[in-house]
Amino acid sequence: MLNIKWIRENQELFDDKLRQRFIEPMAKRIEELDGKKRKITNLIQEFQHARKVKSKILGNINPKSGEEFEGLQRDVKDINEKLEELEQDLNNNNELNELLNTLPNIPDEEVPYGIDESMNKLIRTHGEVDLNAQNKKQHFELGVKLDLMDFEQTAKISGARFVTLKGDLAKLERALANFMLDVHTGEFGFLEVSPPVLVRDNAMYNSGQLPKFADESFATTNGYRLIPTAEVSLVNMVADTIIPREKLPMRLVAYTPCFRSEAGSSGRDTRGMIRLHQFSKVELVSITTPEESKNEHEYMTNASETILQKLGLHYRTMLLCTGDMGFASQKTYDIEVWLPGQKQYREIASCSNCGDFQARRMKARYKEFGSHDTTLVHTLNASGLPIGRTMVAILENYQNEDGSITVPDVLVNYMGGLQKITAYKE
């Protein structure tokens, strides 16, 4: 959620930032609604003060004093009725909060203006693309031919956008998760967490998924939602807390299943493992101070890139433009891996600095030792990485002419010494 005080004091800049996000100016409407809310709040405070004064006088008067006592009683009763009416008006005046809840984060000054992904900015590349590679198969062709990846029978169980992995591909999935967790905990100092994957609506609201993206998640019949990313569970670990400054940055990593309805993705990536309803992902989250969040963003992006470097995969890092950024983010890097079977780059990681946007929603603060003042933390998240898309990249980049898959060197020990994935044999 955005800072209403900042909006009030920077109306022109606020509207300009909204235009960069392709949203109509809202400053005047917010000022009107905010003014109405503040007026009611001030009246409530005035009446509460009057009630306190009259109640104190009433307590010092003999009940047998007659008209003066009865008059004060009537005054207190009238004040209580007026307060009840004003508080009801305040509770019913939800338009301001509803409007603020639909507004995305303000883009950082370093974010380029742009309409869509075609206007994202290239930051760096790693490795080289073999443009002469011919007859490279896509991952689902390889997996099905090896009889280690099943879509047809799985569709009978769960429908479209699900997959079953078998044998050495199931083992590769487990190996990748262990490898990623080892790198992030051992080399980058993230604390491994095993969080819930069922959360309440308020947790989804805190992280920015609700109310705007309600139709993109799976809801249970008893008030829970399946997480679309472990970011939801991890950032909420500091909801409604005040963290000692010396405990920051708080770096967390989790490996969880993730669930997405893929609403609005009809017809896109209908084959293969690129866009599934259920997938596994290693997620990074950092809680830090406003002064350190930019450096932390680079640190986390480096952690994600390191996984791809160790796997020997070619990728490029893009700075997203204003029209392609996520709702809660003020600055995002996307890491795109090269897929020779598709002959294109595909997003494999997203690394975002959300500033105090999520912290304001979930009331997450920190304070310096010995101080009574508190400040909103900054929250950051990064894919570290999605297991399925990483497997896609390995299958397409490490495929051999006979259809087998060479296991990347860094994963051989995690695969029990296996160096090549071949067709399943019963």
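Here, residue 1 is simply the first one shown, and the rest follow in order.
Even glycines carry a Cβ here, placed using N, Cα and C.
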Task: Write down the one residue from Ser118, Ser371, Ser383, Ser404 that Swiss-Prot lists together with Thr229, Ala230, Glu231, Glu283 as binding L-serine.
output: Ser383
- prompt: Of Glu231, Glu262, which of the binding-site residues has the most Cβ neighbours inside 10 Å?
  reply: Glu231
- request: Whole-number Å only: compute the distance from the Cα of Ile348 (ATP binding site) to the Cα of Glu231 (L-serine binding site).
  value: 16
Query: Using Cα coordinates, what distance in whole Å links Arg260 (ATP binding site) and Thr229 (L-serine binding site)?
result: 9
Query: Do you know which of the binding-site residues Ser261, Ser350, Ser383 has the most other C-beta atoms within 10 angstroms of its C-beta?
result: Ser383
Task: Name, in the order they occur in the sequence, the residues of the same chain whose CB lies under 8 A from the CB of Ala349 (ATP binding site) and which sit 6 or more residues away.
output: Ser304, Asp334, Ile335, Ala382, Ser383, Gly384, Leu385, Pro386
- line: Simplified DSSP label at Glu262 (ATP binding site) comes out coil
Task: Out of the binding-site residues Ser261, Glu262, Glu347, Ser350, give me the one sitting nearest to Ala230 (L-serine binding site) by CA distance.
output: Ser350
